[in-house]
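Trainee: Have a look at the structure that comes next, please.
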Amino acid sequence: MRQSHQLPLVGLLLFSLIPSQLCTICEVSKENYSRLNPLLSTMIHSKYTRGIQAANVLLSLRLVGIQDQNIEQKLLKEVRDSEEKKDLTSGQLALVILALRACQNSDESVTYFHLVSQLEEKFQEEIKNMGVHDGNPLTNYYQLSLDLLTLCLFNGSYTITEVKNHFTPENKNFYFGGQFSVDTGAMAVLALTCVKRSIMNHQILTNGEDLQHINNYTESLVKKILSEKKGNGLIGNIYSTGEAMQALFVSPNYYNKNEWNCQQTLDTVLKEISQEAFHMPTAAAQILPALMGKTYLDVNNVSSCASSPGHLNISIDELIPVEPTISPIKISVNYTVQINETFFTNVTVPKGSVFLDVMKEAQKINQTAFRFTYAESSWGPYITSVQGLKENSNDRTYWQLLSGGEPVSQGVASYVVHNGENLEVRWSKY
């Protein structure tokens, strides 16, 4: 059960200080709906729309009101198959719950009650791991925030004390390589906003001091998100912008109107879509709700979900598959593995290949130096080991992908390589 306290008078007084639940939202106009076609094509036709990525896609399509029975049944099968696997991380399970419950009637809740119970257990395992391993969760704080959001939305168990202790904005887990993680901060803002609303709706009784902590955390995280805004309106990078927009939609009283030009951000994202920036289903699925003025807080509010089929006025049947073009032309790239020593090779791959293709070709050249393993995640494949050395969240170690000595902003299966490029996989800490 959730933690309950008698609400003192000071708590009632503090309610007047809480920002309103109304959102400041901009969204794509009907005249520009067709510009979203590449996103929908990627989400529906990509070879990666399977497993946990299908959950992202199903969640996004339901939120924006695209209803196609054939596509929905296909995605539901993928999501339910994922649910039956016993090795889902806490965040993956949270995503499955969000996808299955999104915009569904409340009588569906009994069907998925066991999943919420499982998430409660996984959330506690994350908390326990932090107590044993220097504050490091089993996964990461993006997933922990997604866990809290899902538990909050679907009446799962958590305590205000856990929220107060683990979601302080200066927590090291909000940073990756010394850089504030915009999407992690944004997910935390959504989760904290849900918790705050639960308090305001008297679903949770607590004291005014705890409530003030949540307000302060939210305000600080919003400021950190806005500090990562670029001159063109993107927040962090193109892939973190969608969730950052959601966070800003639900927290308008924590910043001034002149601190964020929503329309500029929207225009830049539409331009990036036209330049095929979104190759992975998850990337497309995470940006789409914000473009339609939706947030993950709308998931359990059927009335706020678009209710009529074809809300975007887009015919699914007319969508053309969008995949990176593989050319018969060959290119040459340099590939390096950096651990305690450096291993180098030159690899020839077809033009249009991705980072993962280069790694596979290098492995064929020298199995000992370039062998690696990878696993599927909600963002597609990610590298789990090189030369048998495995990433470890308790030690905050991972395999970093670089080009020309700079970290790449896309995943191993979506970053398209270029002729003469210097690629590197480096053993790193975050």
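Indices start at 1 and increase along the chain as displayed.
A Cβ is built for glycine as well, from the same backbone N, Cα and C atoms used for every other residue.
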Trainee: Among C262, C305, find the residue that TrEMBL gives as the disulfide bond partner of C26.
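Mentor: TrEMBL says the disulfide from C26 goes to C262.
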Trainee: What is the three-state DSSP composition of the domain 'Transcobalamin-like C-terminal' (352-429), stated as helix, strand and coil residue counts?
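Mentor: Per-class counts: 15 helix, 35 strand, 28 coil.
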Trainee: In the structure shown, which of the binding-site residues T139, Q143, N237 has the fewest Cβ neighbours within 10 Å?
Mentor: N237
Trainee: For N237 (cyanocob(III)alamin binding site), which of the disulfide-bonded residues C26, C103, C194 has the nearest Cα in space?
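Mentor: For N237 (cyanocob(III)alamin binding site), the spatially nearest of the disulfide-bonded residues is C26.
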Trainee: Taking the residues T139, N140, Y141, Y142, Q143, D183, N237, Q286, Y382, I383, W399, Q400, L401, Y430 listed for cyanocob(III)alamin, what is the greatest CA to CA distance in Å, to the nearest whole number?
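Mentor: Max Cα-Cα spread across the cyanocob(III)alamin binders: 24 Å.
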